[in-house]
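Chemist: This is the structure, below, for whatever I ask next.
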Ligand code: PHE
């Protein structure tokens, strides 16, 4: 995105640039840290199935809705709702989205910091500096958490200050295929280890009796989190999208790559859990309750790398955590871009100042979390698991009943000529007006009450 236009807004350099940026936003810790953790704590395969249903039947239509709102209004989430309807309530939905984004970013920065710190843990372990490895790899050390969070937020602010630059588009282009390649190699390695079958079974053979309302909400929240939906990130990214592009096609690419990478990560992590357990790493207690929490992947993956042994383990370990840090960076960039674009558009602040101000405020929250990591689960539950689907529900109501799906389809027509007569957009309207909001509402109500 170049920020050269007079109004301080830019557009993506190319269609590929947009898809990369949107996929960069979607693919991140959500796929490789959050998805396997949620799956492992919700019984594996049952969670996977509900998650896939949520991504394709609820997430994908809402992604199209967010992109159309963004491209039509050319605004940040609050400005977009203001300009597309006179209703006074909906700008508050934009504010809610911004709040969710800010709170998600505050803990995301900590996990991203852990990811980057594990690059060093791998190196120190390899070189026999075990004390240094233990020091840096200690999740309960608030000081270390804070240093890495500052580092990560610093990089995020730097990128946002320059506008989402070509640099990050290029980095994503290289990084994502490499990350996928490493994931595939590691998965193949794990699947051939004796004892892996039990993990594959847990991941792929659903036990439908495990489906509870809690599981369904967790899967729905995970779909929103992973696809970057419900808080206006894709309204904002859509506002930089050129009229030539086909929104439906772009949303399709983003959804499929995001879901594909999460699926692959599960295929790696679930069997690894069983292997790690056979080596004495405690993930479930005797009653079968999940104990590992947000540090799950940092407990089991290093185990795997050390098992691979020697230089091979080092190369895989370092590249894995480094690439995952980059994937996290393209997500933190999108999380910070939303409140920043709001401050730029609605309060007339310059981009550089806005990015710094918002970034440092979020960092203040991250620093509190650094010293109280047990807050992560609570903030994550309120603002991701509940907050994002709630935002998604309100976006459906807005597009379905206030802005109207016919206006959205008019917007989709740019870049998708036959949109008005296509079965796809007819079905999409039905999903946005009825199926998605009703499903989300039922799930939210049943879990909360
Ligand atoms: N989708 C990102 C991930 O999976 C996280 C994110 C959530 C980014 C919401 C933007 C908005 O890591």
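In case you wondered, yes, glycine gets a Cβ from its N, Cα and C as well.
Not my notes, these are from TrEMBL:
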TRANSMEM  16-33  transmembrane segment
TRANSMEM  45-69  transmembrane segment
TRANSMEM  89-111  transmembrane segment
TRANSMEM  143-162  transmembrane segment
TRANSMEM  174-192  transmembrane segment
TRANSMEM  212-238  transmembrane segment
TRANSMEM  250-274  transmembrane segment
TRANSMEM  311-333  transmembrane segment
TRANSMEM  354-375  transmembrane segment
TRANSMEM  381-403  transmembrane segment
TRANSMEM  423-445  transmembrane segment
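What's the neighbourhood like for these features in this structure?
Modeler: Within the chain carrying the transmembrane segment (143-162), a Cβ under 8 angstroms from the stretch's Cβ atoms is held by residues 3, 109-110, 112-114, 116-117, 135-136, 168, 325, 328-329, 332-333, 336-337, 340, 351-352, 355-356, 359-360, 362-363, 366-367, 369-371, 373, all 6 or more beyond its ends.
Same-chain residues lying 6+ beyond the ends of the transmembrane segment (174-192) with a Cβ under 8 Å from its Cβ atoms: 20, 23-24, 27, 32, 200, 257, 261, 264-265, 267-268, 271-272, 275, 304, 308, 316, 319-320, 323-324, 326-327, 330.
Non-local neighbours of the transmembrane segment (250-274) in the same chain are 15, 18-19, 22-23, 26-27, 30-32, 35-36, 39-40, 44, 48, 51-52, 55-56, 59-60, 63-64, 67, 176, 179-180, 183-184, 186-187, 190-191, 193, 195-200, 202-203, 226-227, 241, 283, 296-297, 300-301, 303-304; each lies 6+ residues outside the stretch with a CB under 8 Å from one of its CB atoms.
If one looks beyond the transmembrane segment (311-333) by at least 6 residues along the same chain, the residues whose Cβ comes under 8 Å of a Cβ in the stretch are 21, 24-33, 105, 108-109, 111-112, 115-116, 118-119, 122-123, 126, 152-153, 155-156, 159-160, 164, 168, 171-172, 175-176, 178-179, 182, 185-186, 228, 301-302, 305.
Remote same-chain residues near the transmembrane segment (354-375) are listed as 102-103, 105-107, 109-110, 139-140, 142-143, 145-146, 149-150, 153, 156-157, 160-161, 294, 336, 339-340, 343-344, 347 (criterion: CB distance under 8 Å, separation of at least six residues from the stretch ends).
Proximity of distant same-chain residues to the transmembrane segment (381-403), defined by a Cβ-Cβ separation under 8 Å and at least 6 residues beyond the stretch ends, is recorded for 58, 62, 65-66, 68-69, 81, 84-85, 87, 90, 93, 96-97, 99-100, 103-104, 217-218, 220-222, 224-225, 229-232, 429, 432-434, 436-437, 440-441, 443-444, 448.
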Chemist: Can you tell me which recorded stretch out of 16-33, 45-69, 423-445 has the most Cβ pairs within less than 8 Å of the transmembrane segment (212-238)?
Modeler: 45-69
